[in-house]
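Have a look at the structure below, then the notes.
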Amino acid sequence: MATKARVMYDFAAEPGNNELTVNEGEIITITNPDVGGGWLEGRNIKGERGLVPTDYVEILPSDGKDQFSCGNSVADQAFLDSLSASTAQASSSAASNNHQVGSGNDPWSAWSASKSGNWESSEGWGAQPEGAGAQRNTNTPNNWDTAFGHPQAYQGPATGDDDDWDEDWDGPKSSSYFKDSESADAGGAQRGNSRASSSSMKIPLNKFPGFAKPGTEQYLLAKQLAKPKEKIPIIVGDYGPMWVYPTSTFDCVVADPRKGSKMYGLKSYIEYQLTPTNTNRSVNHRYKHFDWLYERLLVKFGSAIPIPSLPDKQVTGRFEEEFIKMRMERLQAWMTRMCRHPVISESEVFQQFLNFRDEKEWKTGKRKAERDELAGVMIFSTMEPEAPDLDLVEIEQKCEAVGKFTKAMDDGVKELLTVGQEHWKRCTGPLPKEYQKIGKALQSLATVFSSSGYQGETDLNDAITEAGKTYEEIASLVAEQPKKDLHFLMECNHEYKGFLGCFPDIIGTHKGAIEKVKESDKLVATSKITLQDKQNMVKRVSIMSYALQAEMNHFHSNRIYDYNSVIRLYLEQQVQFYETIAEKLRQALSRFPVM
């Protein structure tokens, strides 16, 4: 009898990931409980099949009755975890932000149905972005042989972090940036990743905001901005506003993953060696350190720069060789992205992450980063464009143009991911089997011919046999080929999917600031602000616009380089693949003489 399971939490599938949308209380049939990576395959009453997080369902008894059981739930431990105090706090936070959950996993839902009018109109941008916030982890076992295709499909939910913080790591966030703010505005979307509450119950990630972002008025209406020590200049180049790039660039090599343990072996983890190419001096970091860096970058720069989430960690089977290889590959890609960004790579927190000399220096730098006041919208106070102020109409047009392009690109990237996933499944499943069937059929025919006893057909029978073996070889080539070309195309698209998922929140911050400026006339009329305050607001929104344009120019230059490189590689490998097949077929053909 097929195993049944009751869905414990709502789960919204992402396009292109072979996932199945399920709702709390729904009964599904488990068709494959051993997918791996914290996933199982299920079928709903409509006959639709797809992946569902293991911890989102409860296995029902064999009689099919839905009764409470402490012994058969896949998520028993998750249920017990929910009783912890940390979960109680997270649940309280989730309840207070419940209005932001309804938009699901599509960060562009508010863009498609945007409101107009008052200041709250852009609140819909609070949908969880896939890249910097609600995007589920991008990392799972690199199980190439699975029927579900490319490993990016297994974007499992964040699991309980058994790689707990050491005692030397601060508990509560010390930065004032994490304090609740009643002035959270359109830019106050909860961009934080589930890692902020990774020790709590494994429920839908978008129920836990990572932080509460102060409203843009903190920046726009500040009477006098302090002169920060750090400056982020913006210049006007051939293609418009741009960040100032350092004279020498560097990359960071992530290598040598090693398994470590603590507490007499009760806790285990993977540690990576990071070597910046500009110093060639290595430092070691565990995954939780990467997680800390991601959070600090998101908090500090997330209002202006897209910070894609890390490949998430996994608990079950996380030390499998293929999984470690895949996660290291994606950590490498993430670090390379950060190194290539002229603002991120030069930031104090990033440099400290790569160049600390000892434990004391690491702890000091860590605490300093967590107390950084120039975070969120206040990052714009450090930016100095070398250009005249823009008028509000132009600012709004630039913002709309960025929103439209990133939304359209997000759709295009998801479509390519979906098509690529389907193609991967065909290449690793049905297609090789068809070639194998042809090969076996030809060899069977040759065996039948050989049984005739006729002396003059030996050459023909041998040729048919070799042709059959050729098709079996082609089957193997077809099954292996996606790892040589499609994999890299999928990974590139997956990276950009993460980037694009950050933009609704960034655009929301800018749209909110624009709305504030539009309201300034009323505030001046009612003597709530002065005319000078209004002029300061316009100037500061202009700075925000220059920052957005500079970031988009950086984004476009990287996009052109990346897609040119990855599609060129894909086509080169495809040409080589078909040439190899053609050569094998020519060799098989040469055994058949013209008669």
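Placed from the backbone N, Cα and C atoms, the Cβ positions cover glycine too.
Record features, source Swiss-Prot:
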type: COMPBIAS; residues: 111-121; note: compositional bias 'Polar residues'
type: COMPBIAS; residues: 135-145; note: compositional bias 'Polar residues'
type: COMPBIAS; residues: 160-169; note: compositional bias 'Acidic residues'
type: COMPBIAS; residues: 191-201; note: compositional bias 'Polar residues'
type: DOMAIN; residues: 1-62; note: domain 'SH3'
type: DOMAIN; residues: 250-361; note: domain 'PX'
type: MOD_RES; residues: Ser116; note: phosphoserine
type: MOD_RES; residues: Ser121; note: phosphoserine
type: MOD_RES; residues: Ser197; note: phosphoserine
type: MOD_RES; residues: Ser200; note: phosphoserine
type: MOD_RES; residues: Thr216; note: phosphothreonine
type: MOD_RES; residues: Tyr239; note: phosphotyrosine
type: REGION; residues: 91-201; note: region 'Disordered'
type: REGION; residues: 201-213; note: region 'Critical for tubulation activity'
Q: Please spell out the DSSP helix, strand and coil residue counts for the domain 'SH3' (1-62).
A: 3 helix, 31 strand, 28 coil
Q.
Quick check: in three-state DSSP terms, what is Thr216 (phosphothreonine)?
A. coil
**Q.** Helix-strand-coil residue split for the domain 'PX' (250-361), DSSP-based
**A.** 46 helix, 25 strand, 41 coil
Q: Please report the DSSP secondary structure of Tyr239 (phosphotyrosine), reduced to three states.
A: coil
Q: In whole Å, note down how far the CA of Tyr239 (phosphotyrosine) lies from the CA of the residue listed as 'phosphothreonine'.
A: 28
Q: Can you check which residues sit near Tyr239 (phosphotyrosine), meaning Cβ under 8 Å from its Cβ, same chain, 6 or more apart in sequence, and list them in order?
A: Asn553, His556
**Q.** Neighbour count (Cβ, 10 Å) for Thr216 (phosphothreonine)
**A.** 34
Q: Determine the mean pLDDT over the domain 'PX' (250-361), rounding to the nearest whole number.
A: 86
